[in-house]
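Peer 1: What TrEMBL records for this protein is below:
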| type | residues | note |
| --- | --- | --- |
| DOMAIN | 21-245 | domain 'MacB-like periplasmic core' |
| DOMAIN | 296-409 | domain 'ABC3 transporter permease C-terminal' |
| DOMAIN | 502-618 | domain 'MacB-like periplasmic core' |
| DOMAIN | 695-807 | domain 'ABC3 transporter permease C-terminal' |
| TRANSMEM | 20-41 | transmembrane segment |
| TRANSMEM | 289-311 | transmembrane segment |
| TRANSMEM | 344-364 | transmembrane segment |
| TRANSMEM | 384-409 | transmembrane segment |
| TRANSMEM | 430-454 | transmembrane segment |
| TRANSMEM | 691-715 | transmembrane segment |
| TRANSMEM | 743-762 | transmembrane segment |
| TRANSMEM | 777-800 | transmembrane segment |
C-alpha cells in the first residue's frame, strides 16, 4: 500500500511539475527562514546557561532615586558586596567585578611587547566558585587569592607568550605594574553577558591607587562601578532578599541618602534579554525584538503553508476524475486521505532537506544581519533545535496537507465522473480567497514595518544633536572607566597636553583640538547641585560635563547668552559654569538672560553661570532631552576631541599617531570617529529593520509564487471561456482584466486589514524613543501601491500568456 502511494505521489509530482516546484520552493523558503530565525532565538535564550549554578546566580541592580536617573544601574559601590553574605543568610557568597580598558605588556628580552586591551576585569576570588570557568592551567581555588595575581584566557596566553606556558610568568599592567599569571582559562562562549581577556584580584585595584584613594575607595558609597553578583543557597526565595534590602541600606549606607536607594535582585536569566540598565559591560538583547523575530519566522512559514493549501485545492479539479474512479473501484475515504497526506509529506520532506542546504549557505548572511557567530554545527549539536525542527516539519506537513486531503477525498464519484464538478467549492471559494488575503496582509504589514523602522533610523541619524559630529576624532588619554578613578591630576601633565594641542593645530588639516570628561551623545554623569533659590534638601541633580576652554568652538555649539570659558579669566577654572537652555528652565530661569549670574554649588564647587548654550543631546535619542551643566575641571579631562578637515584623512591620522607616540608613549593611540560611535548605539534597531526588510521581501516573494500558481490554474480552468471571448472579439487587455480583477480586489482587502494592525504595533515600537517620527500616511500608501504593483505584475504575466493563446486549441474538443 505504502509503495503504491509513493509511486502515485512521484507520478503526480512529474505530471504537475510546475506546481510541485512552486510548492517545494515556497515550503523550502518558509522552513529555511523559520529555522534560521529560531536558531538565532535559541542562541539569545541560551545566554549564560553554560554556568552550572545559572539558576542560583543573581545580580544586584541599583536605583539611586535621589539622582533621578532615566534607568537603574547594573553597577554598585565597592563596599556593598563584602557586607552581603554576613547580613543575608540566604546568600552563599557574593563577588564584585569591575571592567576597564588596560594597557598590558610583557618583556621579551630587551623588547617590551604591549597591547591595548578592552576586557580587563578586577574581581573577587569568589567569582571563580560562582561562575563556571574552564581552567586549563592553575587552581581555581587559589588563582585570585592574592593581590597582583591574574588569570587570562587561552587566546591571551598565545598572544603574549606564544607557545610558552603563561603560568607563573609576569605580565605588566599599565606597562609598569607586574602581575603574576596564576591561571589560564577558556574564553566564555558568545552567549555570555560578559567577556573577559584578563581577570585580576579585586584588591589589586585599590593597591594601584594613591594612598588617599586606597584608603577611601573601599568605603565610598557614591562611586558606582562594580557589577555585584550573589549566589543564593539552594531553594532560597529571592523575594525574601529583596524585602530586606531597605533595612540593609539603613544599617550600612550613608544616612543622607540611605532611604533614597533601591536594590533589587536580578536573576541571571534576565541579564541579557530583560535588562535595561545603565553601566552594562556589553549591550544587552531585547526580548521584544525576539518576539518580533519569532513572529516573522512563523508568519513566513504560515505563508508558505497557505501557498501549499491554495495550490493543492485549486489543483483539485485536475484530479477530480481520478478521485471518482478510485472511489468507484472501492477506495475508501481514509485511503484517499492517506494518499494525499502522503503526497504532502513527500513534498514537505523534500523542502525540509533543501532547507538545511540553504541554512548552511545563508548562515553567513544571517550572521551579518544579527552580529552573531552561528554555525551549522551549532544547529546539529543542539539537543533542542533538531527535535524542534522535526516537530515543525511534521506539523507543517499535517497543516499543509490536511485540508487538501479532506477536501479532495470528499468529492462525489458520480459528479466528478460526469465532469460536472464545477461548484464554487471546487473552484476555491471563500477559503482560498481568505488565504490570499492573509498572505498579502502579512506582506503589506511587513513592508509598512520595515519602512517605518528605516524612517526612524534615518531620523535618528539626521536628527540635530546640538553639536557637530562629522570629522571629529575622539581619543582617550587614559583607559576609559566609569568614574575616572584612575585619572591622575597634575599641572605638568596638563602643560604637556596644551603643548600637544598646539603642535597638532599647526597642521592645516587639523581645525580644532579640545578635551572633555566624556564623549557627547553617549551618556552622561549626573551630579548633585544646589542652584540659587534651592536648598540641599531639594536634591537637584543634573548631567555634568567637564571641558577645556575651546570646547564650544570645536563642537560648533551655539551660545544663547553670556560668554564662553576663557583662559583670560582665571576664575573660569574655579568658579564658572555654562548651562544648557533646558537646564536653566528646569530651575525656573525662564530665559537665558535670567540665568546669567546665578550661583550653583556642585558638591562643594561654587560658581556663577557665565553663559547659556543651546540644548544638545548628552544621552542617546531614546532618552528625553535633559539639561547639562558644564565647567572647566582639569582633573576630569580624559578625552581628546580633534576636529579634522574632510580631505587627506589617512595622512592626518598618520600624523596624529606619530605625534601621540612622541608625547604619550606610554599610551597607545586609540581613536574613534564620533559619528561612527554614535551610530553604533542604534545597531540593534538597525538590525531589526534589516531583518524585517529581508523577510518582508521574502514573504512577498512566497506570496507571489502562490499567486502565480493560482492564476495559472484559474487560466487553465477558464481556457474555454477565454477562447470563446477571443472568438467573440475580446481584446488581450479585457481578458487580462477578467483574470486579474478578483485577485486585485483581494490585495485591496489585504491592505485595509494590514494598515491598522501595522500602525498599532509600530506605534508601540516608536514609543521606546524619546525622539521619534510621526507615522505618515504616505508610508501606508506606498506599501499598498508596492503590493499592488507586485501582485498585478505577477498576475498579468500569466494572464497575458493565457490571453495570447490560440483559441482554436481550447475549442477544438467542443
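Using the three backbone atoms N, Cα and C, a Cβ is placed for every residue, glycine included.
Fair warning: this is a prediction, and the values are worked out from it, not measured in the lab.
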Peer 1: Contact between the transmembrane segment (430-454) and the transmembrane segment (289-311) is defined here as three or more C-beta pairs under 8 Å separated by at least 6 residues; is that satisfied?
Peer 2: yes
Peer 1: Go ahead and report the DSSP secondary structure tallies for the domain 'MacB-like periplasmic core' (502-618): helix first, then strand, then coil.
Peer 2: 25 helix, 44 strand, 48 coil
Peer 1: Do we see three or more Cβ pairs under 8 Å linking the transmembrane segment (691-715) and the transmembrane segment (344-364), pairs being at least 6 apart in sequence?
Peer 2: no
Peer 1: Are there 3 or more C-beta pairs under 8 Å linking the transmembrane segment (430-454) with the transmembrane segment (777-800), counting only pairs at least 6 apart in sequence?
Peer 2: yes
Peer 1: Tell me, roughly as an integer, the mean pLDDT over the domain 'MacB-like periplasmic core' (502-618).
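Peer 2: Averaged over the domain 'MacB-like periplasmic core' (502-618), per-residue pLDDT gives 88.
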Peer 1: Going by DSSP assignments with H, G and I as helix and E and B as strand, what are the residue counts for the domain 'ABC3 transporter permease C-terminal' (695-807)?
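Peer 2: In the domain 'ABC3 transporter permease C-terminal' (695-807), the DSSP-based counts are 96 helix, 0 strand, 17 coil.
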